[in-house]
Amino acid sequence: MQTKKKKTTSQSNMIDLLAEKLEPSFDIINQKLQSDNITVHLLYLKTVVDNDQIQNYIIKPFFEMGSIQLFDSYIASLPQNNKIETNEKVLSQLSRGSVLVQIQEQNYLLDLKKITTNLVLETNIEPTIQGPELGLSEDIQTNLNIIRHRYHNISLKIETHQIGTSINQTLAILYDQENVNDSVLKNLQEKVKNLKHSVILSSSELQRLLNDKKWTFMPIMMITERTDRVIQNIAGGKVVLILDGTPNAIIAPSVFFDFMTSMDDKYLPFGVSKFLKVLRYFGLFICLLLPGVYVAVTSYNPEVLRSELAFSVAGSRVGVPFPSFIEVLFLLVFMELLTEASIRLPRAVSGTATTVGGLILGTAATEAALTSNIMVIIVSAVAIATFAIPINEMSFAIRLIRYVLLFFGTIAGITGLILSFLAFVLYLTNLESFGEPYLKLFIQRKKVETKGVKS
């Protein structure tokens, strides 16, 4: 009897040991089933396990069968039963949707995973050519289920907080305990605890409330709908926040180069992805500088152009009654209105309406001598270059900054444009995202950062 008691205690210690390794995730369930003198222990992660299957295959038969030997034989004969090897393999299987069932001295691992891909959305804002199209859902449990199914590592931790003093929404904080930057994690945890807002309806609003720099143009946190981007950033040591009721996740810290990266860069061949990345940065410079360069050259420094090109630009502006600054500003504001209209209109007509509107009004403006043909080409190139920026938050920021550069190019020519661009770069070098330099190319993982301390 004493030997049996020692074995049972050892088995119970195994359950507790595995549960400790899974902490501090909120979705750990360490459950005890008891009927008369019969006790069964269950250990699983509720975000990846189907509760209906647990009820049908484990809990209901347990209370219906009067004998522990009969229940033991029943569990052992289930087709979902998997072989138990090492504790590490058990932890890995738990993260994939298995349930550890402990009956006296025996342990069983049942595959009862929950698949909820039929409830999720396709990616609309960040499409890729070859990557997965699975996006996040508005249900937080579905999102956590998807991430658990694709990130099979026990170092993935999930914390939940209740935010919003009026409606108590659930916010999940996800991170890889082995790779996360502890200072970033603690900073975000403190900010979340100090949130006093009554109602938070979207990830964008939450991002704004977590940002201490209220007047900065540049985003320091990324909002994404892609599950693969979420998983890649968790593996890279970043922290992800998912708010219940919104199909987006917040990634922090996020630096400048993160916003210029598309998930296609990971899926396409090396040469193709590098070419597209260079093309993207070329589009960024066109979007930022081309309007200011046009105004500076036509109004102040026409000598920087070849004589043939200078005469061509001057000839196209014959009859235009406005200075080049007003001409550029008019067409840029018009393009912003078209972009805004394309967002507000129904999808079935938005593309047609904006295309027809742009063609008709652009043609009418040139025929009425309100703008030049070259200006229409320049603004079209700027609009196309803006759409090449993969993340919307960065696209919005660049669209605002280009008006600042346009203003300085108008008042001081090429010199003002260059100085204002250098000031913008200096501003970026002094900007930080949760302690990370904004122009930092690589964020070191926790192991690399602490190597010197350990040695």
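Here the Cβ of each residue, glycine as well, is placed from N, Cα and C on the backbone.
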Candidate ranges 25-44, 225-244, 345-364 [criterion: TrEMBL lists as transmembrane segment]:
345-364
Out of 320-338, 370-391, 403-428, what stretch is closest in contact terms to the transmembrane segment (278-300), meaning most Cβ pairs under 8 angstroms?
403-428
Residues from the same chain, set at least six apart from the ends of the transmembrane segment (370-391), whose C-beta lies under 8 A from its own:
126, 219, 222, 224, 258-262, 279-280, 282-284, 286-287, 290-291, 294, 312-313, 316-317, 320-322, 324, 327-328, 330-332, 334-335, 339, 362, 398-399, 402
